[in-house]
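Over in Swiss-Prot, the protein carries these features:
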- HIS111: active site (ACT_SITE)
- TYR28, GLY29, SER30, GLN31, SER56, ASP86, MET87, VAL88, GLN89, GLY137: NADP(+) binding site (BINDING)
- ASP194, GLU230, GLU234: Mg(2+) 2 binding site (BINDING)
- ASP194, GLU198: Mg(2+) 1 binding site (BINDING)
- SER255: substrate binding site (BINDING)
- 5-185: domain 'KARI N-terminal Rossmann' (DOMAIN)
- 186-331: domain 'KARI C-terminal knotted' (DOMAIN)
Amino acid sequence: MKCTSKIYTDNDANLDLIKGKRIAVLGYGSQGRAWAQNLRDSGLNVVVGLEREGKSWELAKSDGITPLHTKDAVKDADIIIFLVPDMVQRTLWLESVQPYMKKGADLVFAHGFNIHYKLIDPPKDSDVYMIAPKGPGPTVREYYKAGGGVPALVAVHQDVSGTALHKALAIAKGIGATRAGVIPTTFKEETETDLFGEQVILVGGIMELMRAAFETLVEEGYQPEVAYFETINELKMLVDLVYEKGISGMLKAVSDTAKYGGMTVGKFVIDESVRKRMKEALQRIKSGKFAEEWVEEYGRGMPTVVNGLSNVQNSLEEKIGNQLRDLVQKGKPKS
(Lines of atoms letter the chains of each structure in order from A; the text may use other names.)
(Lines give C-alpha, C1' and ligand atoms only; values in the text may rest on other atoms or scores of the structure.)
Protein backbone atom coordinates (compact mmCIF):
# COMPACT_ATOMS: atom_id res chain seq x y z
CA MET A 1 0.00 0.00 0.00
CA LYS A 2 1.41 3.36 -1.04
CA CYS A 3 1.32 6.55 1.03
CA THR A 4 -2.06 8.18 0.44
CA SER A 5 -0.79 11.73 0.88
CA LYS A 6 0.85 13.94 -1.69
CA ILE A 7 4.51 14.33 -0.77
CA TYR A 8 6.03 17.68 -1.67
CA THR A 9 9.72 17.85 -2.59
CA ASP A 10 12.18 20.50 -3.77
CA ASN A 11 10.56 20.67 -7.20
CA ASP A 12 7.27 21.76 -5.60
CA ALA A 13 8.78 24.68 -3.68
CA ASN A 14 10.05 28.06 -4.86
CA LEU A 15 12.29 30.10 -2.56
CA ASP A 16 11.84 33.16 -4.79
CA LEU A 17 8.36 33.61 -3.26
CA ILE A 18 9.90 34.69 0.04
CA LYS A 19 13.26 36.09 -1.02
CA GLY A 20 13.47 39.73 -0.09
CA LYS A 21 10.86 39.32 2.63
CA ARG A 22 11.88 39.94 6.23
CA ILE A 23 11.53 36.79 8.35
CA ALA A 24 11.38 37.07 12.14
CA VAL A 25 12.12 33.83 13.99
CA LEU A 26 10.77 34.13 17.53
CA GLY A 27 12.89 32.10 19.91
CA TYR A 28 16.40 30.72 19.65
CA GLY A 29 16.14 27.34 21.30
CA SER A 30 16.48 23.93 19.63
CA GLN A 31 14.20 24.61 16.64
CA GLY A 32 14.65 28.39 16.53
CA ARG A 33 18.39 28.21 16.13
CA ALA A 34 18.18 25.52 13.45
CA TRP A 35 15.48 27.31 11.45
CA ALA A 36 17.18 30.69 11.63
CA GLN A 37 20.52 29.35 10.45
CA ASN A 38 19.04 27.17 7.70
CA LEU A 39 16.84 29.97 6.37
CA ARG A 40 19.81 32.34 6.47
CA ASP A 41 22.00 29.84 4.62
CA SER A 42 19.23 29.46 2.03
CA GLY A 43 19.70 33.13 1.16
CA LEU A 44 16.78 34.55 3.11
CA ASN A 45 16.58 37.70 5.24
CA VAL A 46 16.33 36.50 8.85
CA VAL A 47 16.28 38.21 12.24
CA VAL A 48 15.67 36.61 15.63
CA GLY A 49 13.13 38.00 18.09
CA LEU A 50 13.87 37.55 21.79
CA GLU A 51 12.20 38.94 24.89
CA ARG A 52 15.46 39.77 26.65
CA GLU A 53 19.19 39.95 26.13
CA GLY A 54 20.92 36.88 27.50
CA LYS A 55 22.56 33.63 26.42
CA SER A 56 20.29 33.16 23.40
CA TRP A 57 20.94 36.75 22.33
CA GLU A 58 24.70 36.24 22.44
CA LEU A 59 24.42 32.85 20.75
CA ALA A 60 22.48 34.34 17.84
CA LYS A 61 25.10 37.06 17.45
CA SER A 62 27.90 34.49 17.49
CA ASP A 63 26.02 32.55 14.78
CA GLY A 64 25.97 35.68 12.63
CA ILE A 65 22.24 36.34 12.98
CA THR A 66 20.83 39.66 14.17
CA PRO A 67 18.93 39.42 17.48
CA LEU A 68 16.27 42.03 18.25
CA HIS A 69 13.72 42.51 20.99
CA THR A 70 10.52 40.77 19.87
CA LYS A 71 8.61 44.02 19.36
CA ASP A 72 11.34 45.35 17.08
CA ALA A 73 11.70 42.06 15.22
CA VAL A 74 8.02 41.81 14.28
CA LYS A 75 7.24 45.42 13.39
CA ASP A 76 8.89 45.21 9.97
CA ALA A 77 8.54 41.45 9.45
CA ASP A 78 6.63 40.00 6.52
CA ILE A 79 6.77 36.49 8.01
CA ILE A 80 6.67 35.81 11.77
CA ILE A 81 7.64 32.30 12.89
CA PHE A 82 6.70 31.15 16.41
CA LEU A 83 9.40 28.82 17.73
CA VAL A 84 8.97 29.35 21.46
CA PRO A 85 7.28 26.74 23.73
CA ASP A 86 3.53 26.23 23.33
CA MET A 87 2.61 27.71 26.68
CA VAL A 88 4.67 30.86 26.11
CA GLN A 89 3.15 31.66 22.72
CA ARG A 90 -0.16 33.19 23.83
CA THR A 91 1.44 35.69 26.22
CA LEU A 92 4.11 36.51 23.65
CA TRP A 93 1.39 37.03 21.05
CA LEU A 94 -0.72 39.32 23.22
CA GLU A 95 2.11 41.39 24.66
CA SER A 96 4.86 41.56 22.06
CA VAL A 97 3.55 40.49 18.65
CA GLN A 98 -0.09 41.44 18.02
CA PRO A 99 0.24 45.12 19.05
CA TYR A 100 3.37 45.66 16.94
CA MET A 101 3.17 43.43 13.84
CA LYS A 102 2.49 45.07 10.53
CA LYS A 103 -0.83 44.55 8.78
CA GLY A 104 -0.99 41.39 6.70
CA ALA A 105 2.16 39.73 8.03
CA ASP A 106 2.19 35.93 7.82
CA LEU A 107 2.05 33.90 11.04
CA VAL A 108 3.91 30.59 10.98
CA PHE A 109 3.92 27.77 13.53
CA ALA A 110 5.79 24.50 14.02
CA HIS A 111 2.97 22.99 16.09
CA GLY A 112 -0.76 23.65 15.85
CA PHE A 113 -1.64 23.75 19.57
CA ASN A 114 -2.28 27.48 20.00
CA ILE A 115 -4.22 27.91 16.77
CA HIS A 116 -6.24 24.69 17.02
CA TYR A 117 -7.32 25.37 20.61
CA LYS A 118 -7.90 29.07 19.86
CA LEU A 119 -5.36 30.38 22.37
CA ILE A 120 -4.17 32.69 19.60
CA ASP A 121 -6.77 34.44 17.44
CA PRO A 122 -4.91 35.57 14.30
CA PRO A 123 -5.88 38.69 12.35
CA LYS A 124 -8.26 38.05 9.47
CA ASP A 125 -5.82 39.60 6.99
CA SER A 126 -2.88 37.28 7.81
CA ASP A 127 -1.94 34.02 6.16
CA VAL A 128 -1.50 31.39 8.88
CA TYR A 129 0.37 28.19 8.15
CA MET A 130 2.53 25.54 9.74
CA ILE A 131 5.69 23.59 8.97
CA ALA A 132 6.31 20.83 11.53
CA PRO A 133 9.69 19.07 11.17
CA LYS A 134 9.65 15.46 12.36
CA GLY A 135 12.92 15.74 14.22
CA PRO A 136 14.67 17.84 16.87
CA GLY A 137 16.32 21.15 16.01
CA PRO A 138 19.93 19.92 16.07
CA THR A 139 19.01 17.19 13.57
CA VAL A 140 17.24 19.73 11.34
CA ARG A 141 20.48 21.73 11.27
CA GLU A 142 22.84 18.76 10.97
CA TYR A 143 20.95 17.21 8.05
CA TYR A 144 20.70 20.56 6.26
CA LYS A 145 24.44 21.18 6.52
CA ALA A 146 25.12 17.70 5.16
CA GLY A 147 22.92 18.35 2.12
CA GLY A 148 19.88 16.49 3.40
CA GLY A 149 16.78 17.38 5.34
CA VAL A 150 14.32 16.22 7.98
CA PRO A 151 10.80 15.36 6.72
CA ALA A 152 8.02 17.70 7.81
CA LEU A 153 4.28 18.22 7.84
CA VAL A 154 2.68 21.29 6.25
CA ALA A 155 -0.74 22.82 6.91
CA VAL A 156 -2.65 26.00 6.12
CA HIS A 157 -5.12 27.46 8.61
CA GLN A 158 -5.87 30.76 6.88
CA ASP A 159 -5.14 31.60 3.24
CA VAL A 160 -5.89 35.26 2.59
CA SER A 161 -3.35 35.73 -0.19
CA GLY A 162 -4.16 32.54 -2.05
CA THR A 163 -0.48 31.58 -1.86
CA ALA A 164 -0.18 30.42 1.76
CA LEU A 165 0.66 26.82 0.84
CA HIS A 166 3.30 27.96 -1.64
CA LYS A 167 4.92 30.19 0.98
CA ALA A 168 4.78 27.37 3.51
CA LEU A 169 6.56 25.09 1.06
CA ALA A 170 9.15 27.80 0.43
CA ILE A 171 9.85 27.99 4.18
CA ALA A 172 10.02 24.18 4.26
CA LYS A 173 12.55 24.29 1.44
CA GLY A 174 14.50 26.95 3.29
CA ILE A 175 14.98 24.68 6.30
CA GLY A 176 15.76 21.65 4.12
CA ALA A 177 12.55 19.70 4.67
CA THR A 178 11.60 19.38 0.99
CA ARG A 179 14.89 17.56 0.35
CA ALA A 180 13.34 14.66 2.26
CA GLY A 181 9.62 15.21 1.75
CA VAL A 182 6.77 17.29 3.16
CA ILE A 183 3.36 15.75 3.85
CA PRO A 184 0.19 17.90 3.89
CA THR A 185 -2.01 17.80 6.98
CA THR A 186 -4.28 20.14 8.97
CA PHE A 187 -3.71 22.03 12.21
CA LYS A 188 -6.30 19.75 13.82
CA GLU A 189 -4.70 16.52 12.66
CA GLU A 190 -1.14 17.57 13.52
CA THR A 191 -2.10 18.80 16.98
CA GLU A 192 -4.27 15.86 17.97
CA THR A 193 -1.95 13.15 16.66
CA ASP A 194 1.13 14.83 18.15
CA LEU A 195 -0.46 15.01 21.61
CA PHE A 196 -1.81 11.47 21.33
CA GLY A 197 1.61 10.08 20.39
CA GLU A 198 3.28 11.87 23.29
CA GLN A 199 0.72 10.69 25.81
CA VAL A 200 0.08 7.05 24.94
CA ILE A 201 3.45 6.02 23.45
CA LEU A 202 6.44 8.33 23.26
CA VAL A 203 6.38 9.68 26.81
CA GLY A 204 3.46 8.41 28.87
CA GLY A 205 2.99 4.91 27.49
CA ILE A 206 6.63 3.87 27.20
CA MET A 207 7.55 5.40 30.56
CA GLU A 208 4.80 3.63 32.48
CA LEU A 209 5.31 0.33 30.63
CA MET A 210 9.02 0.32 31.48
CA ARG A 211 8.43 1.25 35.11
CA ALA A 212 5.66 -1.32 35.58
CA ALA A 213 7.79 -4.10 34.07
CA PHE A 214 10.82 -3.17 36.18
CA GLU A 215 8.79 -2.98 39.39
CA THR A 216 7.08 -6.32 38.65
CA LEU A 217 10.42 -8.13 38.45
CA VAL A 218 11.83 -6.43 41.55
CA GLU A 219 8.69 -7.20 43.56
CA GLU A 220 9.10 -10.86 42.59
CA GLY A 221 12.61 -10.92 44.01
CA TYR A 222 14.77 -10.40 40.93
CA GLN A 223 17.89 -8.25 41.20
CA PRO A 224 17.14 -4.61 40.28
CA GLU A 225 20.26 -4.45 38.11
CA VAL A 226 19.16 -7.43 36.03
CA ALA A 227 15.58 -6.14 35.90
CA TYR A 228 16.79 -2.76 34.64
CA PHE A 229 18.80 -4.28 31.79
CA GLU A 230 15.88 -6.46 30.69
CA THR A 231 13.05 -3.92 30.92
CA ILE A 232 14.60 -0.51 30.30
CA ASN A 233 18.18 -0.53 29.02
CA GLU A 234 17.61 -2.87 26.07
CA LEU A 235 14.71 -0.79 24.74
CA LYS A 236 17.09 1.43 22.76
CA MET A 237 18.33 -1.47 20.63
CA LEU A 238 14.79 -2.46 19.70
CA VAL A 239 13.71 1.11 18.95
CA ASP A 240 16.79 1.59 16.77
CA LEU A 241 15.84 -1.54 14.81
CA VAL A 242 12.26 -0.28 14.32
CA TYR A 243 13.57 3.14 13.26
CA GLU A 244 15.93 1.62 10.69
CA LYS A 245 13.97 -1.40 9.46
CA GLY A 246 10.36 -1.12 10.64
CA ILE A 247 8.46 -3.42 12.98
CA SER A 248 8.85 -6.44 10.70
CA GLY A 249 12.59 -5.75 10.41
CA MET A 250 12.85 -5.67 14.19
CA LEU A 251 11.02 -9.00 14.44
CA LYS A 252 13.34 -10.59 11.91
CA ALA A 253 16.35 -9.43 13.95
CA VAL A 254 15.29 -10.91 17.31
CA SER A 255 15.32 -14.57 18.34
CA ASP A 256 12.46 -16.93 17.52
CA THR A 257 11.78 -17.21 21.25
CA ALA A 258 11.43 -13.42 21.48
CA LYS A 259 9.17 -13.37 18.42
CA TYR A 260 6.81 -16.03 19.81
CA GLY A 261 6.73 -14.52 23.29
CA GLY A 262 6.19 -11.04 21.95
CA MET A 263 3.40 -12.04 19.59
CA THR A 264 1.48 -13.98 22.25
CA VAL A 265 2.09 -12.16 25.52
CA GLY A 266 2.24 -8.71 23.92
CA LYS A 267 -1.46 -8.88 23.04
CA PHE A 268 -2.24 -10.28 26.49
CA VAL A 269 -0.70 -7.20 28.15
CA ILE A 270 -1.78 -4.61 25.56
CA ASP A 271 -5.34 -5.91 25.23
CA GLU A 272 -8.66 -4.41 24.18
CA SER A 273 -9.01 -2.62 27.52
CA VAL A 274 -5.80 -0.72 26.75
CA ARG A 275 -7.06 0.17 23.28
CA LYS A 276 -10.29 1.41 24.85
CA ARG A 277 -8.36 3.70 27.21
CA MET A 278 -6.26 4.92 24.27
CA LYS A 279 -9.47 5.98 22.55
CA GLU A 280 -10.60 7.69 25.75
CA ALA A 281 -7.29 9.57 25.86
CA LEU A 282 -7.79 10.60 22.24
CA GLN A 283 -11.30 11.86 22.99
CA ARG A 284 -9.91 14.06 25.79
CA ILE A 285 -7.53 15.58 23.26
CA LYS A 286 -10.18 16.03 20.56
CA SER A 287 -12.69 17.59 22.95
CA GLY A 288 -10.18 20.14 24.22
CA LYS A 289 -10.32 18.74 27.75
CA PHE A 290 -6.61 17.99 27.86
CA ALA A 291 -5.74 21.48 26.58
CA GLU A 292 -7.95 23.07 29.26
CA GLU A 293 -6.30 21.00 31.99
CA TRP A 294 -2.80 21.75 30.69
CA VAL A 295 -3.40 25.51 30.52
CA GLU A 296 -4.70 25.41 34.10
CA GLU A 297 -1.78 23.24 35.25
CA TYR A 298 0.74 25.58 33.63
CA GLY A 299 -0.88 28.59 35.27
CA ARG A 300 -0.51 26.96 38.70
CA GLY A 301 3.23 26.41 38.22
CA MET A 302 2.97 22.83 36.89
CA PRO A 303 2.67 21.00 40.25
CA THR A 304 1.77 17.69 38.58
CA VAL A 305 4.84 17.88 36.35
CA VAL A 306 7.15 18.94 39.17
CA ASN A 307 5.92 16.21 41.53
CA GLY A 308 5.96 13.58 38.80
CA LEU A 309 9.53 14.39 37.82
CA SER A 310 10.61 14.27 41.46
CA ASN A 311 8.96 10.87 41.84
CA VAL A 312 10.84 9.48 38.85
CA GLN A 313 14.17 10.99 39.90
CA ASN A 314 13.89 9.40 43.35
CA SER A 315 12.73 5.99 42.11
CA LEU A 316 14.74 2.78 42.41
CA GLU A 317 14.87 2.32 38.65
CA GLU A 318 16.43 5.76 38.22
CA LYS A 319 19.08 5.10 40.86
CA ILE A 320 19.93 1.71 39.36
CA GLY A 321 19.95 3.25 35.89
CA ASN A 322 22.50 5.89 36.92
CA GLN A 323 24.82 3.17 38.20
CA LEU A 324 24.46 0.96 35.15
CA ARG A 325 24.96 3.81 32.69
CA ASP A 326 28.34 4.38 34.32
CA LEU A 327 29.21 0.71 33.69
CA VAL A 328 28.13 0.97 30.06
CA GLN A 329 30.25 4.09 29.55
CA LYS A 330 33.30 2.40 31.10
CA GLY A 331 32.91 -0.52 28.74
CA LYS A 332 32.77 1.56 25.57
CA PRO A 333 35.90 1.24 23.43
CA LYS A 334 38.11 4.31 23.31
CA SER A 335 37.87 6.13 20.02
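Quick reminder: no glycine exception, Cβ is built from N, Cα and C everywhere.
For GLN89 (NADP(+) binding site), applying a Cβ distance below 8 Å and a minimum sequence separation of six or more within one chain yields PHE82, PHE113, ASN114, LEU119, ILE120. Spanning the residues TYR28, GLY29, SER30, GLN31, SER56, ASP86, MET87, VAL88, GLN89, GLY137 that the record associates with binding NADP(+), the maximal Cα-Cα distance equals 19 Å. Packing around SER56 (NADP(+) binding site) is summarised by its Cβ count: 18 other Cβ atoms lie within 10 angstroms of its Cβ, all protein chains included.
Listed binding-site residues: SER30, SER255. The one with the lowest count of other Cβ atoms within 10 Å of its Cβ is SER255. When Cβ atoms from all protein chains are considered, those within 10 Å of GLU198 (Mg(2+) 1 binding site) total 13, not counting its own. Contacts of ASP194 (Mg(2+) 2 binding site) defined by a Cβ separation under 8 A and a same-chain sequence distance of 6+ are given as HIS111, GLY112, ALA132, in order along the sequence. Between the residue listed as 'substrate binding site' and TYR28 (NADP(+) binding site), the C-alpha separation comes to 45 Å. Among the binding-site residues listed here, namely GLU198, GLU230, GLU234, GLU198 has its C-alpha nearest to that of TYR28 (NADP(+) binding site).
In terms of local Cβ density within 10 Å, GLU230 ranks first among the binding-site residues GLU230, GLU234. Residue counts for the domain 'KARI C-terminal knotted' (186-331) under DSSP, helix first, then strand, then coil, are 129 helix, 0 strand, 17 coil. On the 0 to 100 pLDDT scale, the domain 'KARI N-terminal Rossmann' (5-185) averages 97 in the predicted structure.
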